[in-house]
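Heads up, the thing below is written out as C-alpha cells.
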Amino acid sequence: MKRLFEKVFGSESEREIKKIDKLADRVEALDEEYKKLSDQALQSKTAELKGRLSQGEALDDILPEAFATMREAAWRVLGMKHYRVQIYGAIILHQGRISEMKTGEGKTLMATLPVYLNALAGKGVHVVTVNDYLAQRDCEWMGKLYEFLGLSVGVIVHGITIEQRRAAYNADVTYGTNNEFGFDYLRDNMVIYQKDMVQREQNYAIVDEVDSILIDEARTPLIISGQGEKSTKLYHIVDQFVKTLKIEDDVSLDEKANSVTLTEDGGTKAEKAFGIENLADMNNMELSHHINQALKARNLMRLDKDYVVKDGEIIIVDDFTGRLMFGRRYSDGLHQAIEAKEGLQIQRESKTLATITFQNYFRMYRKLSGMTGTAKTEEDEFRAIYNMDVVEIPTNRVIVRDDQADGVYKGEQGKFEALAKDIEGRYKKGQPVLVGTISIEKSEELATLLKRKGIPCEVLNAKHHEREAEIVAQAGRKGIITIATNMAGRGTDIILGGNPEFLAKREMKKRGYADELIANATSHHETDDEELQAARKVYNDLLEKFKKETEQEHKDVIEAGGLHIIGTERHESRRIDNQLRGRAGRQGDPGSSKFYISLEDDLMRLFGGDKMLSIVEKMGLEDDEAIEHGMLSRSIENAQKKVEGRNFGIRKHVLQYDDVMNKQREVIYGERKKVLAGESLKDHVLNMARNIINEAVAIYTADAKYPEEWDLVGLGEYLAGIYMQRATLSFDNIEELTVETLQEQIYETSEKLYEAKEEEIEAERMRELERIIVLQVIDTKWMDHIDAMDQLRQGIGLRAIGQIDPVRAYQVEGFDMFNAMINSIQEDTVKYLFNVEPQAKVERKQVAKPIEASHGDGNRKKAPVVKEKEAGRNDPCPCGSGKKYKKCCGE
C-alpha cells in the first residue's frame, strides 16, 4: 500500500522537496545580481542583513539574500558554488531537520548556508563533528568564507586553554567535536567563578554525521571524574581469582546480551576463595562488584578490538569510528579491571563529579539539525527522541554504483581466501579497493594475508590514525588497496585517480610553507600581500601539475570500474553498512560494493540462528565455496533488524533513566548559575532558614490538637542542632500560638541572629562567604547524590521481579532522594553560615578537582543496592552514599 501511494504521490522526501522548490528558485534568481557586486559590496551584505534582523525581520525573511551572499562568497574564496540540491539540503537544516545527503555530495559546503544565515542573529552557531581533525579542517577550510563576510570563527579541540575556548565560543561560528561541547558544558557547571565559564547559551547546532553522534553514541554518557580514595590492590587479587574460572562451569557468558555472570558453582568458589559466607550479602557488595568487572574485562573486552595497550596504558578504541580515544577511561572500575588483566600499573578508580548523555545535551539547543549520508533507517528514533524528521536530498548526479549480492561462506578462513582472491584480481587490473573491517585485529590479519600474496596495501586503523586523511584521500588512486577499520576516514572524499588539491598542499608542506599560508594560498579573493601572492602562484602551478597526473589516472580508474568497496562482515546496523557502500559512486562516478560474510561472524553466530547453519551443513559445501540462498539474505537482514530494535530499546531505556537525572541536573545547575551571578545571597540564605523552620514546626506540632501539647522542647533541640542556640528560643503565651505565628516568631529570631552575624563579620565579607559556602555545599551534596542515584539505578532492575516498573520506581525514589538532598543542602548552608567565625579563613575552591573526562560504559553491571527497611541511626544510609544514616539523610 505504501509503495503504491509513493508511486502516485511521490515519497515523503520528494513531497518535502517540492514544498521548498520556490524558495530555492528565489535563491538562484539572485545569482546574476550578486556576481556583479565588488568584494566590498558583497561583504557589506552582512551588515545590511544584520540591520534587517534588528528591525524585526525574521531569519526566514532574509534567507534568499543570505544564501545568495554565501554562494557568491564561496565561489570567490574557494572556487566552489553550491548546487541546487545543496540549497535544498541547506533549507532543511535551517528548518531544524536532518538532511540525508549521499557521500561526496558536499555536506561541508552545504552547511555554510544555514550557518551564515543563523550566525547573523549574533547568538552563535555550533557545527559539531565527530573528531578533532574534521573540526580543525572544516574550520580552516570553510572559516575563510565566514571571515571574508565579516564573521568570526573559532574551533574547540582537545588540549586548548580556557581562554582559547572562551574566545572560540564567543565567535559567530564555532566548530568542535560532540565530546568537547558536552564536556565544556559539564565543566562550566563546576566553576567557582562566573568568569571561568566558557560557553554561551545553546542556540543552534548543526551536527555532522548526526546518526553517529545522536544514535550510535547515545548509550554512552559523558563523565567528568575526580580522584577516588579506594585502594587498587583488590583488582589484582580478584583478577588472579577470575583467571582460574572456567566458562560454563563457573561462568555464564551471554555474548548476545553482552553480559557475563558467575554460576552457582562460581559463586561458591568465590566465597571459598575470599573466606566469606554469602557473596550476595550487602557487606560483600564491593567484592561482588570487583568480580563482575573482572569477569567483563576477561570475557567481553578484547585487546585490539575494544582497546589497545600503548606506552603502558589502556587506550579505548571507539566502537563506531575505530579511532583511539586518548584521555578517555571506562568508568565504574572497568578500566582498572582491564589494567589488571593486562598486567599494567593500576590507576585509582575515579569518582563521578558530573555526567550527561549526548541525548540530553543536544536537546538543550533552541534549534537542532543534522546531516549525514545515512539516517532514513533511524527516522523513527530521531522523531521520538529529538523531534527531528529526515529528508532525503536528491543527488546532483545519478548514482551508478553496482551493489553486488553478499558472498556467504561457511567459515572465516574460506571467506578471507575468497575476498583476497577478489582483491588480487582487481589489483592486477589497477582498480582501487577500500576494505572495511570491524576491528584492528581483522585489518592486520587481512593485511598479512595480502602481503603473503605480494599485494601491497595501506592499513588505516586506530594504531595508524596520524596518517588517516592522507591514506583516505589517496584511496581512489590506481591499484591502491586500503584496509580501514569500520568508518575511519569518514568525512574525507575519495576522488578517483587521486586528489590534486591534497597532493599540491602536501608538496607545499614538504617545501616548508606554514599551514596558514597554504590555507590562504588556496583561496581566490583579492589580496595585496606579496608573500601570499607568491604562495598562491606556487600552489596553482603545483595544482596544474598534479591535475595532469591525476586526470589520466582518473580515466584509467574509471575504465577499471571505479572504486570497489569490500565489507569483511556485516555490521549490527544496516546504516553502517550503507555508509561503507557510500564511499564508492560519489558524484555519478562508477563503483561497486560487495560484502563477504561467514557463518562464524559475530552477527551471524549470535543472531543468525542455528537454522541457517543446519541448511549449510545439509548442502555439504566446502569452506571456500560461496553459499547462495534467498533465505540467507533474509536472515542477515532480520538479524540486523533484531539488533537495531534491541539497541533502540536500550537507548530509549537509558534516556528514560537519564531524563530523571536531567530534571534534577537542570535544577542544581540553575541554582549554581544564580549563585555565581548574584550580588547578594542573603535573602536566599534566609529563605533556606525559613524552609527549615516551616518543616520543623510542621513535624513537631503534627500530632497535637492544642499548642500546649506541641513538642517545643524537641523543636528547640532540633533547631539548636542545626544553627540556633537553645537560649535564643523562648515562647510566651503558648496557648495563643498558631502554627503560622510560631513559624514567624522563630524566623524573626533567626533574622536577628543573621543580622548580628553579618555585623560581626562585615557585610562585604559576608556576601563572599555566602557564595563560597553555598557553592561548596551544593557541589558536595550533588556529587554524593550522583553516586547515590547510580547505586539506585544499578539495583532498581530487581524491582521488575516484584511486578514493579523499574523506571517508575527510579523516578519516585530518585525524587525522594533529590528532596532529601535539597533539605540537606539547606541545613548545611544555614548551619555553616549562622555559625561561621569572624577569623575563619574560607576560600573559594573546587570541592573535587576533575582529573579526566571519560565515556561511561553503556553496559555497566553493578551489585544491586535495594532500599528495604527503615535505617537505624548507625546503619549505612539507604541513599547509597556510604555514610552512616545519622551523618547523611538522617541528620
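Glycine is treated like the rest: Cβ placed from N, Cα and C.
From a predicted model like this one, the values you see are computed outputs, not experimental measurements.
Copied over from Swiss-Prot, here are the features:
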type	residues	note
BINDING	Gln86, Gly104, Glu105, Gly106, Lys107, Thr108, Asp493	ATP binding site
BINDING	Cys877, Cys879, Cys888, Cys889	Zn(2+) binding site
COMPBIAS	845-873	compositional bias 'Basic and acidic residues'
REGION	845-891	region 'Disordered'
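Shown here: features listed in Swiss-Prot, placed on the structure.
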residue	record	Cβ contacts under 8 Å, 6 or more apart
Gln86	ATP binding site	Glu105, Gly106, Leu109, Met110, Leu113
Gly104	ATP binding site	Asp493, Ile494, Arg586, Gln587, Asp589
Lys107	ATP binding site	Gly89, Ser99, Met101, Asp208, Met371, Thr372, Gly373
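Those residues of the chain, other than Gln86, Gly104, Glu105, Gly106, Lys107, Thr108, Asp493, with a C-beta within 8 angstroms of the mean position of the ATP site C-beta atoms are Met101, Thr103, Leu109, Met110. Compared over the binding-site residues Glu105, Asp493, the count of CB atoms lying within 10 A of a residue's CB peaks at Glu105. Classification of Gly104 (ATP binding site) by DSSP places it in coil, neither helical nor stranded.
Other C-beta atoms found within 10 angstroms of the C-beta of Thr108 (ATP binding site) number 18, with every protein chain shown included. With a 10 A radius on its CB, Gly106 (ATP binding site) counts 18 other CB atoms from all the protein chains. Asp493 (ATP binding site) falls outside any helix or strand according to DSSP and counts as coil.
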